[in-house]
Structure formats: structure tokens, C-alpha cells
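Below you'll find the structure I mean.
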Amino acid sequence: MESPTHPKPSKDKTFPWNLVFLVGILFQIDMGMANPSPHQVYNVTWVITNVQTNSRANATSMLGTLTDAYPTLYVDLCDLVGDTWEPIAPDPRSWARYSSSTHGCKTTDRKKQQQTYPFYVCPGHAPSMGPKGTYCGGAQDGFCAAWGCETTGEAWWKPTSSWDYITVKRGSNQDNSCKGKCNPLVLQFTQKGRQASWDRPKMWGLRLYRSGYDPIALFSVSRQVMTITPPQAMGPNLVLPDQKPPSRQSQTKSKVTTQRPQITSSTPRSVASATMGPKRIGTGDRLINLVQGTYLALNATDPNKTKDCWLCLVSRPPYYEGIAVLGNYSNQTNPPPSCLSTPQHKLTISEVSGQGLCIGTVPKTHQALCKKTQKGHKGTHYLAAPNGTYWACNTGLTPCISMAVLNWTSDFCVLIELWPRVTYHQPEYIYTHFDKAVRFRREPISLTVALMLGGLTVGGIAAGVGTGTKALLETAQFRQLQIAMHTDIQALEESISALEKSLTSLSEVVLQNRRGLDILFLQEGGLCAALKEECCFYADHTGLVRDNMAKLRERLKQRQQLFDSQQGWFEGWFNKSPWFTTLISSIMGPLLILLLILLLGPCILNRLVQFVKDRISVVQALILTQQYQQIQQYDSDRP
């Protein structure tokens, strides 16, 4: 490629490449965000079109994923041909090729005549793949310029191939009089066709096998993919107005529900109002509902744990965690309603614990999550998870999985319960944060509610529905928590969609504006040359945010140093780590005992040795007195 002439130095030409690189990054981000879940169900329509007349010969629609939505297509040969085989009298060449007595579908006799001729089909999406490098021609030859280019059809030599996308055969005819459609064709997709990309139409050529010139008909097969409920954007961006604090009504409701709920008719109405309320709630209300629903579920299962506790919603990822469970899923041939509500984007669950039901080929790294493993089912089946559960696959979170996708991608899924990441704390843990001298007696214990309520859907409440008032109560409280989680996930999906559209619109506007300005100032050498700018770039203001964060960290560091300077040397030890406090309290007793032994041990030992020696001397004296007798002494002076 030749470089365009430019009057400015070479450094002025660097910005367009930087812009292309920047926009390329934007498109990569957009493509990553727009990558849907492979289990997403769409309304897929297959259209067969006569290329020569641009008329639609057949259109078949079905619900399914992009992997298994390959139905059998039925089309009539006369609809596929149209008027292209009708005789053209003024042209002698055409008259010789298309005899008015044998071709076309205008009369009943001609329709019956088409049933007697074999036909063969040649692909136009790969015209060079003939036998031994034979060129198969173009559209004027029906892509069948040489024998061996045909890949399917209904002829005596039975044309086949291992790489073409479709097979075309004759169907059964029910109309012997040929007053209607009497030349049915059956089009089926091959395994290669199911693996191919159908982003654009693909063309084939169909020719009748007869003596002389074989008539040609060109047709194309295309796929149209539409979502079940197409999104409609109206008004401003919904992401920014959604960031609002909790409403007072939600706070008042939370105070009322802190007591033990009773079995009344108001409980179902509160659940129904939460699902059918037309008012759009904000981020603050959604977070409050998650904590409130968690409390109600925990209070319904174990009221003793909710007498004095703290429930904290974790503000850092992961926001949800999964508990693997065992359950009975529903196996259906048509997509159930739960499959139609599959998220548009892939949601990843980074933390899954426990053991449950696994479907597919599970690698060794994840076999610890499987208590029961099933290989799945062959064919087109949809496995819907039980109410309140999801399938956690390595391609994302989904309430319904397609076995065609699972078998084709070698994917695996685990049946899980989805819980918000809410930690359970004893009251002492919170009180220490309000104490000026923070001292932890031991390492604080924090449990997630998922570990405390795991298996509630399948093994606990769901199994006890209808057995009494407690089961009904716990089911209602758990359902309210599920509604809160569903609302939060739905809001997350809407936010991602809105951000995706904003990014796409921004990249399109940047490209259009820059391309238009460069074309407008083409004679001057481009926009930068016309503005006489040596450097054209986008001013990124994230540096200001980075500087402000650095200043904030510096102020926090100064406050920490001031706080440490006001403390004594002994108090500073216990504020460094709770592990240090636990270690000191554990070894202080043995250390004091050892110190006392070292100080008082020698004195006590000396006294003990002296006492033993004295007793030994006494014993020796007693032994000597027993073996000898005392000699009596007489005084000579005494009479």
C-alpha cells in the first residue's frame, strides 16, 4: 500500500494509527461484553430464497439455541424455481434450452413432468472444491460446470459429499392431481452445516438431469436470529438514575419485618407486590431487600440465631456464591418458559462449594463438586433447573441448558443454589469496631449465610411444602429472598446492557466524526494538519482521579501515624493483628510458670536436698545404736 503524501513531518501522521488502535480496543471490549451465553434461546428463522427472482420460497421459524436450531426445511420445487424455467420465445437460444413442453410450473402437465426428472445440487459457497481441483464454475453454470461438483440431489448415481452444509431430497407427494404443490423437496442440515457460520446467506445451484442442456435454478439459505423480547431503549441512560439511596418506605418496612413473621394472608400479597410492582427500585432498595430477605429466610429456619446478630452484605466481588445441591430437573424437547429468560450476558459464579448434581464431562479439577454425575441426553433436549436453582456451567450461569450445546462444546454444569454473599457475625464483632482501643480476644468468626442455609431449596423447604404452617412460612420467606436476588441480577443485566450500548454508540460516533473530519480536510492533509496541531490525542482525565486517590492515601497514612503516636508501646502490640493477641494470651501462662520455676527452683531444690541429708543422718544414727551396746562407766571415787 502506498503512503499518502503529507506536507507535515512524520510525527503528525501517527495519530490516525493510534485512533485505529484505540477504536480496536473499544471494539474488542464491546465484542467481549456482547458475547451471549451459548444456552440463550432465540427465535431462529431459516429462509430459502430464489436468487434469480429474489422471492422467498420458504421460511421456517423455531425456538432454540444457535447450536440446535437446525430444523428440517420443506420447500416446493416450483416455489424454488418460479418463472425462471418458463419459455422465452423471442430468443432462439433460450428456446432451444428451455422447451415449452417440458419445463416450467405454469401448467399442471409441466408440474407433473418435473417429477420424472432427476436433479442434482452444487454448492456456491465453495465453488473451487471440485474433484482434483476442477473448477465448478459460477452462477451462470449453477456451480456445476464439471461432473463431480454436485454434492447432493436425487439422481441415479446418488451424489453425496462429506463437507457440504445441506442435503436436498425429494419428499412424499400427497397431491396426485398437481393442482397445488406436487414437487416437495426436503432440505436437511449436515454436521458440517451445524458447525458452519451462518452470518451471511449461502448459495446453491439446482439443475435438472435431462438430455441436452440442464436447466438451472439458484437458491440461497439464510438464518435470521431474533431475541424473544427485543430490547427497546427509551429515554435517558437508566444506569445513572438507578444509583440512589434507599427509600424511607423500604426502611420502615424493614423495621416491621424484624419480628417473627406470622402466617397470614398478607404474606402472599407482599410477595406478589414485590414481583408485580411497576415502580423501578434503585440500587439502595435492592441492597436492603437482599439483606432483609436473607434475614427472613434465616429467621424462618433458625430463630435462635437471629435474636442478636449482624448481617453484612459484602461490598466486594464476588457478590454471590453457589452451593451445589442434588435435585430433579425437568427434561423437555421444547424450550420451557425458564429457557426464554436466560440472561443475555454470561454471569460467572467464582465461588461454588458443596457437592451436588453434575451434567456433562466434568474435568478432574471440578470433580470435587459432584456427588452425582450424569452424562446427559442425546438429541435436542432442554434441562430446566428446579425453582430457586440454577445451572452453573463453565460458560456462565443459566436456569436452563441445551443438551445440543452441552454435547457440542464439551461443557459441564453443576446444579446450584444462588445466595447473596451476606456474612453472619456475632454482636461482639461489631462492638469492637466502636471501641476506641480495638483489641480482639480471638480471631473473629464470620460465616456466610449460604453455608448456614445451603440446601434450603431442594433438601429443606421445598421437600416440606404442604406438611404444615412452618413449611409454608419458610417457603414464603425463601421466595422473598429469591425475588430480591432475581431483581438484583436483572438490574445488573440491564446495567451491563446499557453500558454496552453506550460504549457502542460512543465508538460509532468517534469513528463517524473523525472519518468525516478527515475527509473534509483531506486536501489539507487531515484534521490534525488543518488545525496545525503537532499531536492530536484524547485527553484522559483518569490522571486527576489517580492523583486525588494518592492524596487521600497520604492523608490516611498521616492520620494512622498520629493515632499510633498517641498510643503506648504496650497498646500498640495488640492493635497490629488479632493473631498476635491470641498468641500472647495463649503462651503467657506457660511463660510465667517457666519463669517462676527458674527463679524459685534452685532455692526449693537446695532446701529439699538439705532436708533429705538430715533425715539420712538420723537414720544412720539409729542403725548404729541398734548394733552396739553402750558401756557403763564407773566412778572410782564413789563407794
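Just so you know, glycine gets a Cβ as well, placed from its N, Cα and C.
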Annotation N-linked glycosylation site per Swiss-Prot: which of the candidates Asn407, Asn575 has it?
Asn407
Per Swiss-Prot, which of Cys78, Cys144 is disulfide-bonded to Cys122?
Cys144
Would you mind splitting the motif 'CXXC' (309-312) into helix, strand and coil residue counts from DSSP?
0 helix, 3 strand, 1 coil
Out of Cys136, Asn304, Asn331, Asn387, Asn407, Cys528, give those recorded positions positioned within 10 angstroms of Cys144 (disulfide bond), comparing C-alpha atoms, in sequence order.
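For Cys144 (disulfide bond), the recorded positions whose Cα atoms are within 10 Å come to Cys136.
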Can you check which residues sit near Cys309 (disulfide bond), meaning Cβ under 8 Å from its Cβ, same chain, 6 or more apart in sequence, and list them in order?
Tyr424, His425, Gln426, Pro427
Mean pLDDT across the motif 'CXXC' (309-312), rounded to an integer, is what?
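Averaged over the motif 'CXXC' (309-312), the predicted model reaches a pLDDT of 85.
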Fewest other Cβ atoms within 10 Å: which of the disulfide-bonded residues Cys149, Cys312 wins that one? Let me know.
Cys312
In whole Å, how far does the CA atom of Cys122 (disulfide bond) lie from that of Cys136 (disulfide bond)?
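Counting only the Cα atoms, the answer is 8 Å.
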Under a three-state reduction of DSSP output, how is Asn328 (N-linked glycosylation site) classified: helix, strand, or coil?
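The three-state answer is coil.
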